[in-house]
Amino acid sequence: MRVGLGYDVHKLVENRKLILGGVEIPYEKGLLGHSDADVLLHAIMDSLLGACALGDIGRHFPDTDNKFKGISSIKLLEEVNKLIIKNRYIINNIDSVIIAQKPKLAPYIDTMTENISNALNIKIDQINIKATTEEGLGFTGGMLGISSQSICSVIKK
């Protein structure tokens, strides 16, 4: 069994959609980034790539490449899954946390989980997503941005 860790953070700005786990969440701000800036999926992808010793999302989907501009991170997650399969790994589980002062994310977590399950072709019970705040402290607590952390385990076939 192998373990991978992922982390991502993006700045909250006006005139952008807030996409987390492939879900568009109603909010007055969204995350700034080259793609859709989905910090949850970016952290998950980095944890999976790390567990398989395949680098990180910047290596596979560089922000200098215009073909990834505005792309859905669900599509990128599907591409990561192809790499995992090609390299003969099986996903055992994923555990992630989203750190955001606002908006409240609990109502969207089940849909996020379903989106990830579908993109990776794994069962719902192999995925856990939590949301928390920093109690008004720091970058996310000050509502300047949103971050996410993910850990996963994979097994070599």
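Every residue, even glycine, has its Cβ placed from backbone N, Cα and C.
Spatially close to GLU134 (4-CDP-2-C-methyl-D-erythritol 2-phosphate binding site) yet at least six residues away along the chain are ILE99, GLN101, THR140, GLY141, judged by Cβ distances under 8 angstroms. According to its DSSP assignment, GLU134 (4-CDP-2-C-methyl-D-erythritol 2-phosphate binding site) is coil. Here Swiss-Prot flags 8-10, 34-35, 56-58, 61-65, 132-135, PHE139 as 4-CDP-2-C-methyl-D-erythritol 2-phosphate binding site.
HIS42 (divalent metal cation binding site) falls within a helical segment according to DSSP. For HIS42 (divalent metal cation binding site), the same-chain residues lying six or more positions away in sequence with a CB closer than 8 A to its CB are GLY6, ASP8, ILE57, SER73, SER148. Annotated divalent metal cation binding site per Swiss-Prot: ASP8, HIS10, HIS42, in sequence order.
Same-chain residues at least 6 positions away in sequence with a Cβ under 8 Å from that of HIS34 (4-CDP-2-C-methyl-D-erythritol 2-phosphate binding site) are, in sequence order, ASP63, PHE68, LYS69, GLY70. In the three-state DSSP classification, HIS34 (4-CDP-2-C-methyl-D-erythritol 2-phosphate binding site) falls within coil. The site 'Transition state stabilizer' annotation in Swiss-Prot covers HIS34 (among others) and rests on sequence analysis.
According to Swiss-Prot, the feature site 'Transition state stabilizer' maps to THR133 (among others), an assignment based on sequence analysis. Contacts of THR133 (site 'Transition state stabilizer') defined by a Cβ separation under 8 A and a same-chain sequence distance of 6+ are given as ILE99, ALA100, GLN101, THR140, GLY141, in order along the sequence.
In the three-state DSSP assignment, the secondary structure recorded for ASP8 (4-CDP-2-C-methyl-D-erythritol 2-phosphate binding site) is strand.
Cβ crowding, taken as the number of other Cβ atoms within 10 Å, peaks at ASP8 among the binding-site residues ASP8, ASP65. Taking the centre of the Cβ atoms of ASP8, HIS10, HIS42 as the divalent metal cation site, the nearby residues of that chain (Cβ within 8 Å, site residues left out) are VAL9, LEU31, GLY33, ALA37, ASP38, VAL39, LEU40, LEU41, ALA43, SER147, SER148.
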